[in-house]
Amino acid sequence: MAVYVVTGKLGAGKTLVAVGKIQDKIVSGCRVATNLDLRIHKLPRVGIFAKSPDVIRIPDKPSLDDLLAIGRGNNSYDENKNGLLVLDECGTWFNSRSWADKERQSVINWFLHARKLGWDIIFLIQDLSIMDKQARVALAEHVVYCRRLDKITIPFIGSIYSVITGSKLPLPKVHVGIVKYGDSPQSMTVERWTYTGRDLYAAYDTKQAFSDAYEHSSFSYLTPYLSHGRYAVKRDATFYMRLTRIYLKKYSRVLCLFCGFVSAFTYLSLSKPEATPQIKPVTTQIITSRYKPSELRITTSYRMGNAVGFEFMDAKKQKIASDDLIKDGFRMVYITPCSVELIKDGKHEKVTC
């Protein structure tokens, strides 16, 4: 059996940590009994369609009859299946005066033998010193010290931020429970419980006031399915069609305005006149030859192996080499030493001596 005494100052997250453990037990299929006002359907990992949670609400300050009424938490020898009993505001139970109270002695005896009934227990108390020493020795197997990380200031960085902005450096609201094995702060740390808390705040009454004269006896909470799930709207195709119709009706004006802008933009884009392509005049450059074959005659010819060369003279008595004609685009076909055919642009002209 595991017995935890959860301690911490006001607002440190004692109840939140306990509700987190209650959620873990419910998800595992274990029984739960507590004097906290829970909203089981608000537990994020349980939901409104859960049919199996077995949670009992006992009076704020339970008597022996109330504890006997919850029965056994686990019928097997597997302690992982033990039920969980969570009791808040235990400072008035375990002080020195109450420890010696004969009326409360039977309740304390039940706590001492809760292991045989298959119950794990979480006691919530503001400070361990409030608890009677004999009770600490007998019951405080684990002590959990709760801390809120947003109350801590980061050295140096927090000071600079405070100087610049005039306010405390905002940190995430994370609740940490440091679990010690024993009732001494120097005892060995066995685990840490970490909860952000935002998803658990709605699952219990944070302003619950505990009274010695609780008017109700023990009772079982309805399962989330019976209290909420069976009344929930089925999210089928009809649901989403109805939801779509509601939103279309709600935002119809905005939708019409948006469609009008889109239609106008589309119309302007499609009706824009096409630009007339400009036809650029193509100027054809007629390249005239520098040499006229009809005015040429061969003055000199030579042949060395496969190499043939000619020298021409035009009407102006200017000498023209065969290389000049080749550069001008002519192709020469050798016929005889005194006859050659000049070809250019498909025209064939014969030049002689």
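Using the three backbone atoms N, Cα and C, a Cβ is placed for every residue, glycine included.
Taken residue by residue with DSSP, Lys14 (ATP binding site) is part of a helix. Listed in sequence order, the residues of the same chain lying 6 or more apart from Lys14 (ATP binding site) and placing their CB within less than 8 Å of its CB are Val6, Thr7, Gly8, Asp88, Leu124, Gln126, Cys146. Per Swiss-Prot, the feature ATP binding site maps to Gly8, Lys9, Leu10, Gly11, Ala12, Gly13, Lys14, Thr15.
Cβ atoms under 8 Å from those of the transmembrane segment (254-270) belong to residues 248 of the same chain, restricted to positions at least 6 beyond its ends. Here Swiss-Prot flags 254-270 as transmembrane segment, drawing on sequence analysis.
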Legend entry - Proximal but sequence-remote residues of the same chain as Leu10 (ATP binding site) (Cβ under 8 Å, at least 6 apart): Gln126
Inset, instruction - Report the same-chain neighbours of Gly11 (ATP binding site): residues 6+ apart in sequence with Cβ closer than 8 Å to its Cβ, ordered by sequence. - result: Arg148
Legend entry - Beyond the site residues Gly8, Lys9, Leu10, Gly11, Ala12, Gly13, Lys14, Thr15: chain residues whose C-beta lies within 8 Å of the centroid, for ATP: Leu16, Gln126, Cys146, Arg148
Legend entry - Cβ contacts of Lys9 (ATP binding site) (under 8 Å, same chain, 6 or more positions away): Gln126
Legend entry - Least Cβ-crowded entry, counting other Cβ within 10 Å, from the binding-site residues listed as Gly8, Gly13: Gly8
